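Novice: The structure is given below, and queries will be raised subsequently.
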Amino acid sequence: MIISAASDYRAAAQRILPPFLFHYMDGGAYSEYTLRRNVEDLSEVALRQRILKNMSDLSLETTLFNEKLSMPVALGPVGLCGMYARRGEVQAAKAADAHGIPFTLSTVSVCPIEEVAPAIKRPMWFQLYVLRDRGFMRNALERAKAAGCSTLVFTVDMPTPGARYRDAHSGMSGPNAAMRRYLQAVTHPQWAWDVGLNGRPHDLGNISAYLGKPTGLEDYIGWLGNNFDPSISWKDLEWIRDFWDGPMVIKGILDPEDARDAVRFGADGIVVSNHGGRQLDGVLSSARALPAIADAVKGDIAILADSGIRNGLDVVRMIALGADTVLLGRAFLYALATAGQAGVANLLNLIEKEMKVAMTLTGAKSISEITQDSLVQGLGKELPAALAPMAKGNAA
């Protein structure tokens, strides 16, 4: 299969992966309305083409939390990467490191902190959930600090798991799930050989290290299901802020008031995110939520965004809507499942090229020049109502 665009990786991954794994990463909550809107709303953001601007000295470089990034992109936290490629977290981290951008290790990674951190030169970021087992949280933070992780991404939009109906149909959960997964695995030989056999162990490394015993997929589902904490409040985060002496980012913000609370709390950054449409179906897409949040806190806190970003044009759109940097999720996982480290490296090259084209044709020589003035209404379709204020005065 020829890979000429970032979107090609999704189709390639679907051919390689057992259905339970493909649909686990590809699916969302309930009827998947928000999952669809994440992509569709972002694609409806029209860019403003400008010409004859002498774009010979264009640069994608930016700085975030005193880290230099080759472009305003980081690989976001995605669980179970090691089920999609052999030691997947290590491969993805190496690709990000080579490209000069951060990699974020998920709490529920297959490869533990101690395996991933030494594999790269750049300090990685670490993502942590709010869990009932505070002992695990403290243990994970201590290990992340010891491994030299620079930034903590604290995910707060998961006090309870979302209802993901597609998982029951695909075999990730539901009746006879283990047998269904086995049958799917043996009928997908490329994955079975490369990952299923040679990618072992398939423990959840960070959890296994704490529990002191191997943890497989069933353990992962059961342990997490029993450990999400619906009682969490801002007050519960205070000990983490005191313990962690590096930048702390609150992930899962969709409302301007929550963004203001993050500023008052003393967070260094927020991620405007609906968990990729995997938690509460029917909430705003990140693209719709971002402008109002940027209007409320831009300049007071670093604004990151995820959910729906599939290519370099989407990165430019998110920045024009108010983000400082974006996180990739499914986009890099599709590439990882298709071709491992080389796939992620190629995806990042594609995104960089697409960003350069978009910036050249919108007259933005640097990331700081991508603003609301880079957006335009019209071209046969108005921007969604929640996005229109960002393009005020730019009607074509």
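Cβ coordinates are placed from backbone N, Cα and C, and glycine is handled just like the others.
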Novice: Per Swiss-Prot, which of Arg241, Arg260, Arg264, Arg278 sits in the substrate site along with Tyr24, Tyr129, Arg164?
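Specialist: Site partner of Tyr24, Tyr129, Arg164 for substrate, according to Swiss-Prot: Arg278.
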Novice: Please work out the mean pLDDT for the residues of the domain 'FMN hydroxy acid dehydrogenase' (1-380).
Specialist: 94
Novice: Cα-Cα, whole number of Å: Tyr129 (substrate binding site) versus Met318 (FMN binding site)?
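Specialist: Spelling it out, the Cα of Tyr129 (substrate binding site) and the Cα of Met318 (FMN binding site) are 25 Å apart.
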Novice: Does Asp306 (FMN binding site) have same-chain partners at least 6 apart in sequence with Cβ under 8 Å from its own Cβ, and which are they?
Specialist: Gly76, Val271, Val272, Ser273, Gly276, Ser286, Val326, Leu327, Leu328, Gly329
Novice: Would you mind pulling the DSSP three-state label for Val326 (FMN binding site)?
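Specialist: Once the DSSP labels are grouped into three classes, Val326 (FMN binding site) ends up as strand.
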Novice: Among the recorded positions Tyr24, Arg164, His275, Arg278, which ones place their C-alpha within 10 angstroms of the C-alpha of Gly322 (FMN binding site)?
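Specialist: Within 10 Å Cα-Cα: none.
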